[in-house]
Amino acid sequence: MDLVQLQRQFVDYKTSLYHEGFLDEQFTQLQELQDENNPDFVVEVVSLFFEDSERLLNELARALEQQNIDYKRIDAHVHQLKGSSSSIGAQRVQKVCIAFRNYCEEQNVEGCLKCLQQVRHEYSLVKTKLESLFQLEQQILTAGGSFPM
Amino acid sequence: MELMKSENIVQDRQPQPQEEEEIMQQEEEEEQRFHVLAVDDSVIDRKLLEKLLKASSYQVTCVESGEKALEYLGLLHHSSPASSSSSQHHHQGHKVNLIMTDFSMPGTSGYDLLKRIKGSSWKDVPVVVMSSENVPSRISMCLEGGAEEFMLKPLQLSDLHKIQAHLLKSLPHS
């Protein structure tokens, strides 16, 4: 694929991610912070998000398996996940976290388990999409293109 | 033995007068920049805040908890505001012009930190409290507790302009 086609694909893909609610304005803010001094800033922050989220999702699964569920602890983890997803613009993940916290407050184990499943799903979707986006970016750079376009 | 040679290396590499001047200039410039102490238990938010602040030409020190912040300010083991260091607003030679702290942190919360700071020799340093939750009672509690400003996360570059106004306020009058 030539550079122009790659760039077109990149723009279309990125637009669709915003359109489908996977990313919001905060992601744009992240990109605006990236500069020549920190050319990998967005990838770095997103990688931190991936690591942190995976840790939190594991903690959540473990916490929900307990005999006596500690809802305060679960809420604390979901609060963290909500915060970090909001900080990088992962809107759909953030939205599930809001519902998750409501079920925590109600001490509704069924609701919590459903939300855990949902948040896992949304997380894995946004992870895949961001990785594809970064890959496209890399292809453009390799083909001699630059950012911003 | 070969290791002894390192002495020669140090001796040979004396900074030239020109370089010395450059180093001094750099240190002076650093001293002139505002220094912000940023407190947040989220590694992502720390990275973001650091970048936002650096992009606005501030010097930044990030710590991951209220306890670490108190430690940095020399307040951890003292119950009284008296401090052994020479002047206000200085820690090991570094000034602190502004403290930005997250509200919800395990252990010492942002509010706890705010109260400790306001009851210490650092009380004149502006403190900004940040939170991802827009809770009016929380906001008034922090403002009444002496916070300069309460900001909603995630912070954006435009929010940094508000910060600048507070920093300029903290400059000594001539």
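Cβ atoms are placed via backbone N, Cα and C, with glycine included.
What TrEMBL records for this protein:
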- B:18-29: compositional bias 'Acidic residues' (COMPBIAS)
- B:35-168: domain 'Response regulatory' (DOMAIN)
- B:Asp102: 4-aspartylphosphate (MOD_RES)
- B:1-29: region 'Disordered' (REGION)
Practice task
For the domain 'Response regulatory' (B:35-168), give the DSSP counts of helix residues, strand residues and coil residues.
Solution key: 50 helix, 28 strand, 56 coil
Exercise for the section: Tell me the Cβ neighbour count for B:Asp102 (4-aspartylphosphate), meaning other Cβ atoms within 10 Å of its Cβ, over all protein chains shown. Expected result: 24
Handout entry: Segment confidence, the domain 'Response regulatory' (B:35-168), expressed as mean pLDDT
Key = 89
Problem - Number of helical, extended and coil residues in the compositional bias 'Acidic residues' (B:18-29), per DSSP - result: 12 helix, 0 strand, 0 coil
